[in-house]
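Here is what Swiss-Prot records for this protein:
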type	residues	note
TRANSMEM	21-36	transmembrane segment
TRANSMEM	101-115	transmembrane segment
TRANSMEM	140-156	transmembrane segment
TRANSMEM	203-218	transmembrane segment
TRANSMEM	237-252	transmembrane segment
TRANSMEM	457-472	transmembrane segment
Amino acid sequence: MGLPWYRVHTVVLNDPGRLLSVHIMHTALVAGWAGSMALYELAVFDPSDPVLDPMWRQGMFVIPFMTRLGITNSWGGWNITGGTITNPGLWSYEGVAGAHIVFSGLCFLAAIWHWVYWDLEIFCDERTGKPSLDLPKIFGIHLFLSGVACFGFGAFHVTGLYGPGIWVSDPYGLTGKVQPVNPAWGVEGFDPFVPGGIASHHIAAGTLGILAGLFHLSVRPPQRLYKGLRMGNIETVLSSSIAAVFFAAFVVAGTMWYGSATTPIELFGPTRYQWDQGYFQQEIYRRVSAGLAENQSLSEAWSKIPEKLAFYDYIGNNPAKGGLFRAGSMDNGDGIAVGWLGHPVFRNKEGRELFVRRMPTFFETFPVVLVDGDGIVRADVPFRRAESKYSVEQVGVTVEFYGGELNGVSYSDPATVKKYARRAQLGEIFELDRATLKSDGVFRSSPRGWFTFGHASFALLFFFGHIWHGARTLFRDVFAGIDPDLDAQVEFGAFQKLGDPTTKRQAV
């Protein structure tokens, strides 16, 4: 046929059997990729430290999605929360991966069958004997079936009525586990961080889809609407399908980047806004203040801070710290976290407590500035020593650690104090192993960043695809040069003036 590469899809334009075949093959490729990717990730995933080396630090992409839907066990005998198990059951990580690969193989065979046996009776219009699809009816069928799936997911899987539930955690990502979720039917269901909204919205949307599907199965579109929206043209289906996909991609890019109940930080890592707003830092200080109010010492109060919470309050876990073309997991960047050194408290020689100003998200370097409780600069690491007034040496800054591995240790040596002041710019201080993976020390993004970038990019691309194919189907006659009144115009002598319909000849 000699089609250029960008027009090859015309081979299935008027061939319903092979149109079905290529869609089944596409499903086979998607399911096959998902299953294969899951097996690859399981082969390289280290489940030994869910606190300091969780899945998102290791760059896992599909494991978090399986986990949020209720899969927590592996045939390798481990649990995602760090425990060991003896009976993981069929629906383990490997079981789900295997199911996708088996499904992919079946779809592959079905695609070949439909490619060979393309001329089926079901695709023929009995009135004309030509291949034809009743697109409004097919739309109704798909709407009904997707409504059933949506309702079933919300009413059974999420609620635990027939299924495991979903991943639910506290606002600080410390106590996450898979559990059933009750639908939230009040106004709280519209809060994107309330898990109950996932159940209620799927039930509501599924019900609407079922009713809408039945409507489109039982009511034919009016003729003017059918013609106006080009409902008989398969490119209309393509255009509206692309619209649905790009809209969904934009939505999930938003829920992933800004955070929601569907994207728990234990599975995908914290958001950049939690660093920008000092979200975890505030909670840590609140807990320490509560401990001090109970007559605990500073050392005791800081020692009770969970290592998991302290680790979230580290800039290396900020997904916006990754850079373009920085491939690899977070562990390949700043290294594998080994332990929390503790919280450094800086003081000048008068005993005044000083706080290191933290690095904003979009800075690679930032001046080391220490301020007091009123925000007044009291010490710094100067760029020019000759002009310095607040250097660590001049002000006599010391540092003492509370909690963590260096609990109770203090340093007064200026070089050591400056070292920890620089590290305190990045949040809580952790010991990082850069040797094991030959990590280069340059921050990487988390799967949260990759997912957002990928879906936002493809959503934009698909938006233009929707405009393109929508315009092609709506203005098909214009682009093709076909006019509804063309038959009258091409008749020789139909008009006194060529192409002017106002000068139509009268029959004698």
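Every residue, even glycine, has its Cβ placed from backbone N, Cα and C.
Away from its own ends, the transmembrane segment (101-115) comes close to residues 17-18, 20-22, 24-25, 27-29, 31-32, 35-36, 39 of its chain (Cβ-Cβ under 8 Å, at least six residues beyond either end).
Contact count against the transmembrane segment (203-218) (Cβ pairs under 8 Å) is highest for 140-156, out of 140-156, 237-252, 457-472. Sequence-distant residue pairs (6 or more apart) of the transmembrane segment (237-252) and the transmembrane segment (457-472) include at least 3 whose Cβ atoms are under 8 Å, placing the two stretches in contact.
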